[in-house]
Amino acid sequence: MPILSLSSTRNSVLTRIYDYLKALVQQVIVPNVEDDKSSKSTPFEKLEPAKQNHPQKDCCATEKDDLVDVSELFPKQNNKQLSLTSKSSVVPCALNLDNLETPFSIKIDNNGAVTTQLNLDEPILRGPSRGEPAKLQNDLISSPPLEESYINNDQYKALFPSNFLPITPVSSVITPASKKSIDESPLSDEVQGIADESSETLPYICHYCDARFRIRGYLTRHIKKHAKRKAYHCPFFDNSISQELRCHTSGGFSRRDTYKTHLKSRHFTYPEGVKPQDRNKSPGVCTQCGEHFSTSESWVENHIEAGSCKGLPEGYSEGIREKKKTSKMKMIKTSDGQTRFISSDESVSEPALQNKNCIEATVMQSKERPNDKIIPTKTEKNDFGIGTQWFERKQISRPTQTTQSRGPTEVQNLKEWSIISPPILSPQNASSVPQEYQSSRYTLHMDSPALSSASSALSPLSGDPITTTETNKSYPLDSEQSLLEPDKTEEDAINQSKESNMISINEMLQKQMDFELLGENHLKETQDYLALYKKAYGIEF
């Protein structure tokens, strides 16, 4: 009895183990009955359907990623940003040399020879051709429409306002916002001078180049560009030593900040190991006298500019005080009603002497200065046009001589005397400031009374003054005085000198603006460039 019970228990345990293993095998390996009926296939062919039905999982994927559909690498439809092409002001470059209208055209014949021609008779059209605006408009209209949500976006409204127009050379440069920023910018002197010279909002005029400015400080800084002698000069600059040992090339500076930077870097000694960016807060020693200072800024203001340094040259402190009194700008109104601002003597240059208003304003200022010692009287040739020479005025003492009535022989010799007209002054080798402008002492006394027949004979000596026996007055023989016009006034002589000078300047400018000559020069330069291009690259046009 016990033996039978044990055998039955063993059979039942084995049966259960077999059923468990069978169920486990069925779960791991799923048999396909139809595969047995079909034709035999390789093991690799059997694995392909299994791979398609059971794709491999990404080991880095999470449960959150499984919920989102993963898109392909390249989408089926183009999802480009439509805002880049819709209502865009940027037009693709489509330069057509055949339709390009320029004042200078180049043609190439069958033999490869290049011929050039100036289009002087044809008007130059600036901008797009006739059919181009309509084409651009059609391109903008035919652009794909944008979504309404994108159009209502604040960023889109800021980029493309309602009154949007394509960019033009004027609208892209000058806008209400950009004009305001240009007016307030302290770094654009040239823009300030170019913008709307006839506007009343630019009352400050440069008396050298007629540039206008809205703020007086801009004009003061602009005038320094015309200066021959800079506003600031290094007191330790020595021109006698060699160029390699000098602290600066010229020692002159137009701006105070560059002047102070030069002093701090070349004439102030810092401790070892101090970086350049930390020098403003670092102490140091004066190179000239050896005195110690907490900062370089205090050394410049309290030691150098105050004149307390022992190494400064003699008279440096007095020169600074005198400069503060005399270097301020002064407002002068000219005869045509314009307001001119004259600065110190450091801001005189050659172009100023060719300006009528500048001449008048300079003369008015020179007459009002208390210590009227120096005035520009002559200019030298300079490529940059700022080479004014300064000369001290010297009083010329002319002895007053009287002449008696001359005999018939002297009168006959006087008639044969050749009268030489004053030469035409050129803007390079002659002064545009006439001699009578230099001082009231040198004005022409041309208001002569009617000469009698006995006293009408003039002295043949050009150096002798003209006198009469009735009035006993002396008339100097200046270049503006003509022997045949004794009743000529001082104003007529001044106008004659100005007109002769302006005529020569106008003739010179007219020669420079000769279009045929400019075209020939342009043609020659183009031919040289084509020859060089052909030689370098071996390409013929």
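Don't overthink the numbers, they just go from 1 along the chain as shown.
Every residue gets a Cβ built from N, Cα and C, even glycine.
For the ranges 232-267, 340-375, 484-519, the feature annotated in Swiss-Prot as zinc finger maps to 232-267. Taking Swiss-Prot as the reference, the stretch among 73-105, 139-171 described by the feature region 'II' is residues 73-105. Same-chain residues lying 6 or more positions outside the zinc finger (284-309) and placing a CB less than 8 Å from one of its CB atoms are 235-236, 260, 263-264, 267-271, 316-317, 320. Per-residue pLDDT, averaged over the region 'I' (13-32), rounds to 77.
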